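For Lys13, Pro14, Ser15, Leu16, Arg17, Arg144, Leu145, Gly146, Met147, Gly148, Gly149, Gly150, Phe151, Tyr152, the entry in TrEMBL reads ATP binding site. Positions annotated as substrate binding site by TrEMBL: Leu59, Glu64. Taken from TrEMBL, the feature compositional bias 'Polar residues' covers 1-10. Marked as region 'Disordered' by TrEMBL: 1-36.
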Amino acid sequence: MDNHPSSNSIFDKPSLRREMRRKRRALSPRQQKQAAQKLKSTLTLSPLFNRSKHTAIYLPNDGEIDPTRFISMLWKSKKRCYLPVLHPTKKNCLWFYHYTPKTILKKNRFGIPEPSIKNKTRISPWALNLVLFPLVAFDKQGGRLGMGGGFYDRTFEFTRTRKLGEMGTRTQLYGLAHHFQKVEALPVERWDVPLHGIATEKQLFFTRQKQH
């Protein structure tokens with residue numbers, strides 16, 4: 001049974017987004033550090049993440065849960081890690097570039113560090129095994145709220161349309177968030193790309209939503 005509220009019903013996304021961002025930013029450095037360490041444990045205990053050879057991830061901003069300890073683990077395991085880069089010509093889409101300890105970063109228009117597109121180490125989104133991206137809010141069914149730009153939905157639209165066996169059908173999409181960002185239910189829009197799961201510092205939720 002689908003317990004998500006209708007996308008046509010009145011649901012104040014802007015207010016929820018502001019409230020959750022405020023709560024994230026209110027966390028102390030100690031609380032963020034503890035959450036980051038527990039998130040690393042949540043991720044590394046799952047065989048799914050250990051199987052991934054090409055993982056897209058992010059650098060934390062605006063109080064987002066910090067996945068950099070997991071990045072360090074990927075490096076130590078000789079796995080390839082990639083960061084999102086704003087597409088230079090296509091609106092609200094992302095490229096992904098290889099990220100190493102030696103990668104030179106620059107801030108994009110949102111003030112978020114990203115690799116330079118001059119380093120020529122870009123990977124196609126469909127070639128990624130695992131994609132981890134930040135959430136503003138989520139529910140246990142896989143409903144999610146982001147910053148509102150739709151970057152990941154546009155970039156990974158192919159995961160909705162490709163048939164089993166085609167390139168990109170094995171790309172796993174997981175949202176990361178602090179556990180307090182969990183809410184009862186969120187509306188699912190027709191353009192929302194379904195997640196395979198959500199990871200917090202306390203729990204890993206496996207959920208592949210029905211496509212709309």
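Glycine is treated like the rest: Cβ placed from N, Cα and C.
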At its widest, how many Å does the recorded ATP site span between Cα atoms of Lys13, Pro14, Ser15, Leu16, Arg17, Arg144, Leu145, Gly146, Met147, Gly148, Gly149, Gly150, Phe151, Tyr152?
22
Do me a favour and check the Cα-Cα span between Gly149 (ATP binding site) and Leu59 (substrate binding site); whole Å is fine.
17
What residue among the binding-site residues Leu59, Leu145, Met147 has the most other CB atoms lying within 10 A of its CB?
Leu145
Quick check: in three-state DSSP terms, what is Leu59 (substrate binding site)?
coil
Calculate the distance in Å between the alpha carbons (Cα) of Met147 (ATP binding site) and Leu59 (substrate binding site), and round it to a whole number.
15
Between Glu64 (substrate binding site) and Arg17 (ATP binding site): CA-CA distance (Å):
13
Return the residues near Ser15 (ATP binding site) by Cβ distance under 8 Å, restricted to its own chain and a separation of at least 6 in sequence.
none
What three-state secondary structure does DSSP assign to Leu145 (ATP binding site)?
strand
Students should find that the Cα atoms of Leu145 (ATP binding site) and Glu64 (substrate binding site) sit apart, in Å rounded to an integer, by 13
Does Lys13 (ATP binding site) have same-chain partners at least 6 apart in sequence with Cβ under 8 Å from its own Cβ, and which are they?
Leu145, Gly148
Cα-Cα separation of Phe151 (ATP binding site) and Glu64 (substrate binding site), in Å?
17
Under 8 Å Cβ to Cβ from Glu64 (substrate binding site), same chain, six or more residues apart: give me those in sequence order, or none if nothing qualifies.
Arg24, Tyr58, Pro134, Leu176, Ala177
